[in-house]
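Positions annotated as compositional bias 'Polar residues' by TrEMBL: 305-324. Feature annotation from TrEMBL assigns domain 'P-type ATPase A' to 45-152. Marked as domain 'P-type ATPase C-terminal' by TrEMBL: 695-922. For 305-330, the entry in TrEMBL reads region 'Disordered'. Taken from TrEMBL, the feature transmembrane segment covers 129-148, 177-197, 203-222, 729-751, 757-777, 807-827, 833-854, 861-881, 887-913.
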Amino acid sequence: MEVPLYQGFVLAVTIVREAVDEFRRFQRDKEVNSQLYSKLTVRGKVQVKSSDIQVGDLIIVEKNQRIPSDMVFLRTSEKAGSCFIRTDQLDGETDWKLKVAVSCTQRLPALGEDSDPPVHESLSIENTLWASTIVASGTVIGVVIYTGKETRSVMNTSNPKNKVGLLDLELNQLTKALFLALVALSLVMVTLQGFVGPWYRNLFRFLLLFSYIIPISLRVNLDMGKAAYGWMIMRDENIPGTVVRTSTIPEELGRLVYLLTDKTGTLTQNEMIFKRLHLGTVSYGTDTMDEIQSHVMNSYSQMYSQASGNNASSTPPRKAQSSAPKVRKSVSSRVHEAVKAIALCHNVTPVYEARAGVTGETEYAEVDQDFSDENRTYQASSPDEVALVQWTESVGLTLVNRDLTSMQLRTPGGQILTYCVLQMFPFTSESKRMGVIVRDESTAEITFYMKGADVAMSTIVQYNDWLEEECGNMAREGLRTLVVAKRALTEEQYQDFESRYSQAKLSVHDRTLKVAAVVESLEREMELLCLTGVEDQLQADVRPTLEMLRNAGIKIWMLTGDKLETATCIAKSSHLVSRTQDIHTFRPVTSRGEAHLELNAFRRKHDCALVISGDSLEVCLRYYEHELAELACQCPAVVCCRCSPTQKARIVKLLQQRTGKRTCAIGDGGNDVSMIQAADCGIGIEGKEGKQASLAADFSITQFKHIGRLLMVHGRSSYKRSAALGQFVMHRGLIISTMQAVFSSVFYFASVPLYQGFLMVGYATIYTMFPVFSLVLDQDVKPEMAMLYPELYKDLTKGRSLSFKTFLVWVLISIYQGGILMYGALLLFESEFVHVVAISFTALILTELLMVALTVRTWHWLMVVAEFLSLGCYIASLAFLNEYFDVAFITTVTFLWKVSAITVVSCLPLYVLKYLKRKLSPPSYSKLTS
């Protein structure tokens, strides 16, 4: 009756562990769903739970509250009629996004008054607020348009699957093989009996007798092993802050072949630093920024000395020479123009934090013009822009205030210049550029400024001979480049443009095309001002870590939402692509024919990294999935840029299906969640971009460099230990079943159990459990060695620690040992049958303990304790087992020598074989330790 009890215990352990994980998830969900929001109704404000919000509700969201569903933004408490939202949970960007309220509802005097005749207003993406983002300024009112599964953020995530490790699957295969062996053995026994009497009853008796072949305790041992590995990972001082969230798959970390990583925030810190300004004839680097500063100061001091009164609003001071023919501008004025353009052409807003003692919103800032530097922070939709504006501040031109219609700059002399913003053309991934039309309040001049990627801008600016070359130079240094240009407009030109622009914006069909066409009419023959270079700093130790992973035979793919140029320069600077390798950039393809040609062009290249954009990838996957996967898998490194979150997950699934190898995804933002959940092993980094990725992941780490130790040391040892543990538990069951088979066949195939009741339970638990489980502490090389020689990791991916070959070796060992133990005991027993049991059981326990000692590669003090503890337990329990053993006989010398003789015969040959194997074909790790 021991077996069912034991099985019940095994299942209970597993169920309880899964239930605890599940309950924690349930609590986290409940917390999010029961947040309260104010809803506007005819009767005034009502509190509703976020799970009860419906489409069409008017919801009020306070500052720092999460937006519960996708809404259209109707009204805000901010004077400017716009607000900021934080989207770190949606796309992994830490910066704030500016959203604009629908102007007709923002203008309504107060709630509840009837409005005037119907208003026609075009809504665009900037009038929407998305679920899972957080309001960063003011209080907003919105009307709900999508909830629950239809929100943008949920549509972009995929359902998580239950992850099962490869090791568990392999052990399941072996267990199936053992089950077949059990049935076969029982049938053989019954056949040898000659099908006498009720043979099928005998068949079942044999099935029960030999049921120890099936390793029931394997699950418990492995589960406890996994818990131990998790504990070791979390206790490791070299990787502080690491959390194991899925305790079922630590061994997966030792089998990875593909590592898919995000770029922003994972490989890079997402902190931009301004590095280079190039004006065509002269280039400024970090060490020559003070020259720029002096140029800026000179030009402004000249301007103000020209002005009659030292007042910015008196007679227009500038452009005294505009009537004269255009002379080649001096360097000083060119620098000034460039800095001014960078300070005006952007989407950045300065935000003033209220100091202690000042309550209320930030509105006091407008009252007393408190533009002091220490409490100003800049917010923008991309860190590049913030870096540019911070740089202009450092050279003396400071952005101090900004709303939807105006911008104010402070000069080095402390004057405030006001510019009226007439039009904004935001950055889109299609246009790759952004523009702004401003009017200088003091001179009434209208200027159109523009900045963008070199690809987009090279055709717009006037002919020059340096732009392309310098862009290439900066990109090779790993800088992100932006080209800045301007064009002066007359009042008539602007009025003409504005009427065409507003007409295009109201058209219902092809609105985007028409608007783009009108804007393009301005983008002609612009004056090229400068080229800027900004550096995105890499995370600590990214280069050595990637180097280590590459040496360990792991192929690294970088999946990023960034531009192709940026992705390529980060791939080079992080040494994802080594210096000597070529990079093949996959040209944008839209049709089947183009994809076919491009793939053929790529096939001709050898050993080069592939860079491909999300759109081209989509086309190739549609028509040539098999060919693309085959070619890409041979590449040493692959970079996919402009990837959507769902595309990242698709690439992971493609690798799993095509190669059958284990994949690992690592990321840090909400946009990496679906990739992390799709991979066999997901790692999240707790970073600036919030915690969403690290909560959804199986393992969460604090820095990218920790992944090296996590895989090389913990992953490797977890896999090797579990493989040894699994096979040992199987061996433990096989040995006793072999003894039972020998015993039955000697006694005319009687279906009589060899060991009764407690002996069997004791054997599987108290006598052998501790030593066998202590294999969890085994290590073949020191952690430092494993880190120094990542090549050791490469061996594991072939899965040689646990295969049918190693399994058969263990089966043969078990049969040999079981046979020796049983025959030895039968040969040596005297008159009484009781002695067979005593001798063979004692020898069996000793053999198991010696086998553990044989398997261990590095001794740990706990292992020694476990060995002696088990031996002590057995000797102590002999006193109580008098119903099985003859105590008088056990204490004699004969008993001792017989047991010793049998144990030596069963174990010595294995020790000799192991010694010879170490001498003749040593494993790779032993070469390092010797």
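Using the three backbone atoms N, Cα and C, a Cβ is placed for every residue, glycine included.
Because TrEMBL annotations are produced automatically, they should be read as predictions rather than curated entries.
Counting C-beta pairs under 8 angstroms (sequence separation of 6 or more), the transmembrane segment (729-751) reaches the transmembrane segment (807-827) with 3 or more such pairs.
Among the stretches 177-197, 203-222, 757-777, 807-827, 887-913, the one making the largest number of Cβ pairs under 8 Å with the transmembrane segment (861-881) is 757-777. The listed stretches are 757-777, 833-854, 887-913; of these, 757-777 has the most Cβ pairs under 8 Å to the transmembrane segment (203-222). Only pairs six or more apart in sequence are counted, and the transmembrane segment (757-777) with the transmembrane segment (887-913) gives fewer than three Cβ pairs under 8 Å, not enough to call it a contact. Under DSSP, residues within the domain 'P-type ATPase A' (45-152) fall into helix, strand and coil as 19 helix, 38 strand, 51 coil.
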